[in-house]
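A.B. asks: What TrEMBL lists as transmembrane segment is 82-98, 110-130.
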Amino acid sequence: MEIGATNWQKACFVPTKSDALVVGFRRWFNKYAGGEINWKGKYSGALPPSPPREQLMDRYWSHVVNCKSCNTAHKGLKALEVILQIMSVVLIGIVAVTKQNMISMVVKTTMVSMAIVCFAASKWLAHFIYKNFHYHDYNHAF
């Protein structure tokens with residue numbers, strides 16, 4: 001910005017063939033627009049504030065909604081999460097409702113264990129869905 005739009009070559013080093021389009025665009029832009037856009041007073045030159053990191057790196061609205069396979073996977077995993085939660089509640093409910101001698105202690109223990117496993121799996125799945133389909137912080141150092 002300090003160098004100016006017409007002297008951009010002094011600020012940027014673009015040695016590869018893949019940069020040829022950038023160089024061509026900049027030449028065209030300088031030739032036909034003088035290196036600047038006439039905003040007719042609508043732009044002060046200051047950049048808008050950066051959005052929060054979660055909004056900036058959101059995967060759901062930028063990709064998942066528009067990608068058929070990701071959207072299908074997201075819906076399937078969300079349904080599985082709900083099914084696991086329902087199963088854990090139903091299993092605990094069955095154990096709570098049954099009378100003392102109706103089912104053995106081994107069956108009750110198994111049902112409570114399964115309820116705990118289903119609940120833990122649903123929590124893990126919720127974290128997995130959020131990390132892979134909504135927001136996962138990106139760190140260049142790793």
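Glycine is treated like the rest: Cβ placed from N, Cα and C.
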A.B. asks: Could you tell me what the rest of the chain brings near the transmembrane segment (110-130), counting residues at least six beyond its ends with Cβ under 8 Å?
C.D. replies: 74, 77-78, 80-82, 84-85, 87-89, 91-92, 94-95
A.B. asks: In the same chain, who gets a Cβ under 8 Å from the transmembrane segment (82-98) while lying at least 6 residues past its ends?
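C.D. replies: Result: 108, 111-112, 114-116, 118-119, 121-122, 125.
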